[in-house]
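K.L.:
Annotation source Swiss-Prot lists Mn(2+) binding site at Asp21, His209, His211, Asn245. Per Swiss-Prot, domain 'Pyruvate carboxyltransferase' is recorded for 12-274, and the stated evidence type is sequence analysis. Under the heading region 'Regulatory domain', Swiss-Prot lists 398-525.
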Amino acid sequence: MSNPVQSDKDRVVIFDTTLRDGEQCPGATMTFEEKLNIAAMLDDMGVDIIEAGFPIASDGDFEAVNEIAKRSKNAVICGLSRAGAKDIDRCAEAIRPAKRGRIHTFLSTSPVHMKYKLQMDPQQVFELVISSVTRARNHTDDVEWSSEDGTRTEFDFLCRCVEAAIKAGASTINIPDTVGYAVPEEYYDLFKRVRETVPNSDKAVFSVHCHNDLGMAVANSMAGVRAGARQIECTINGIGERAGNAALEEVVMAMRVRNDKLPFWNKIDTTQLTHASKVVSAATSFPVQYNKAIVGRNAFAHESGIHQDGMLKNAQTYEIMLPETVGVKQTSLVMGKHSGRHAFIHKLEEMGHKLSSNQVEDAFVRFKALADRKKQIYDEDIEALIDEGMVSAHDRIKLLSLSVIAGTRGPQRATMKLDIDGVTRIEESEGNGPVDAVFNCIKSLVPHEAKLELYQVHAVTEGTDAQAEVSVRLSQDGRSMTARAADPDTLVASAKAYLGALNKLVMKRQRDVAPGHGASAAAAS
């Protein structure tokens, strides 16, 4: 949160690009509803700027950015655009409903990008910088210009482009480490030199956008801020292209915990960080690694006897921040089959979930069903239950029942009943193992050519009655979708996860085809 002692010149603007750069991570595509939910969450937690998508990329992206712009409360809603007129105009149309909108236009400036990607010479690129920013500025006063592959751009040319972009009306200048090549000292020097060299640098806010290919995205981001940048572009959980982006939770807490060395502040409500991490993880079906800084399951866990002894005497011996500051509770209320609706609603609110009355009722019904099968229900069980409900609410293919016969002899056999666009279908299939039989059953019921890229299982909680959480990734025609599902029965969880990914593929293809040419769920190939 903001520190009243520190001045506005020390304030760092948080620019979240989870919905744009984060979604570009292979397999991390989110549904329309998931994007709206995440945007509202980011707005509530104090994110200054939400980059909601790339409007020209698809009708689905345009619709998501446009709807987020309509619903925004406090955050600036930003759309990404290439340097072409068509891109910029489409972006402007998408963000128009926002109380405050921004066009973020970019152009490659490094020699390798200009030669092989753009096939343009430096003068052509320079002129396009001016024309693109000028066109964007005609739509809105808030224009950000990015020099793609800025850290590999020749310094003099970079300064020339930055000066021209500011002169054309850009109010924010982003110099990204697009390929995660820079080291902190180098990135610090780059920002320092550019700000000292460009004569009109004081007329724009400088921004950092760091990728994590060498594991230095957060360190580079903080180096840029120390050199005068006042905007950090980041994502929840650090998701993004290739090795990802700087993680929002890490840059925010670095400034808060080490304010002695990083005397800057931001407006983020840090108590919402853990919840935000779980929401994004559920939407993308990308598990958060256990040892992930700030929001990982083990971030505040201590197993070593020496560490435990120190913690019991004084938590500060091994913890540099209080768990509560990032939304981690010290104790969890264990719920079970005797818990009522009121206690369940209280637990949802305590965990940070804001659901409609219909969503609460649906979740409570599934909670009671789970409680009949499991002795104790932990917070992690409820998170998995809510995640599954949010994802499956609009599924066209739904699991009604599953029966599997398995043993040491002969092929395993699965019998499955599905609801496909309102029509009930039943199929029986064999396989080399129970999971193979289940997936073969789905392929018989819903013919498709999707390739299974990932099948992963882990326990949500401890104990023999723990829920199994299964992750499945399917790819087809250049599209890759991941889904997760949890159930005390591993085979049921496997079927739900596979169907979840298949539903996402169907929905994605629907959005990609021309209006009036809907895709059939029963013929996903």
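Placed from the backbone N, Cα and C atoms, the Cβ positions cover glycine too.
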K.L.:
Among the binding-site residues His209, His211, which residue has the largest number of other Cβ atoms within 10 Å of its own Cβ?
P.N.:
His209
K.L.:
How does the region 'Regulatory domain' (398-525) divide up by DSSP, counting helix, then strand, then coil residues?
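P.N.:
Computed counts for the region 'Regulatory domain' (398-525) are 38 helix, 53 strand, 37 coil.
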K.L.:
Which chain neighbours of the Mn(2+) site, leaving out Asp21, His209, His211, Asn245, have a Cβ atom within 8 Å of the mean position of the site's Cβ atoms?
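P.N.:
The answer, listed by sequence position, is Thr17, Pro176, Thr178, Cys210, Asn212, Ala217, Glu233, Cys234, Thr235, Gly240, Glu241, Gly244, Ala246.
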K.L.:
In which DSSP state, out of helix, strand and coil, do we find Asp21 (Mn(2+) binding site)?
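P.N.:
For Asp21 (Mn(2+) binding site) - judged by DSSP and reduced to three states - the answer is coil.
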K.L.:
For Asp21 (Mn(2+) binding site), what is the tally of other C-beta atoms lying within 10 angstroms of its C-beta?
P.N.:
23
K.L.:
With an 8 Å cut-off on Cβ-Cβ distance and a minimum sequence separation of at least 6, pull the same-chain contacts of Asn245 (Mn(2+) binding site), or say none.
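P.N.:
Expected: Thr17, Asp21, Gly22, His209, Cys210, His211, Asn212, Ala217, Glu233, Cys234, Thr235, Gly238, Ile239.
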K.L.:
Looking at the region 'Regulatory domain' (398-525) alone, can you tell me the average pLDDT?
P.N.:
85
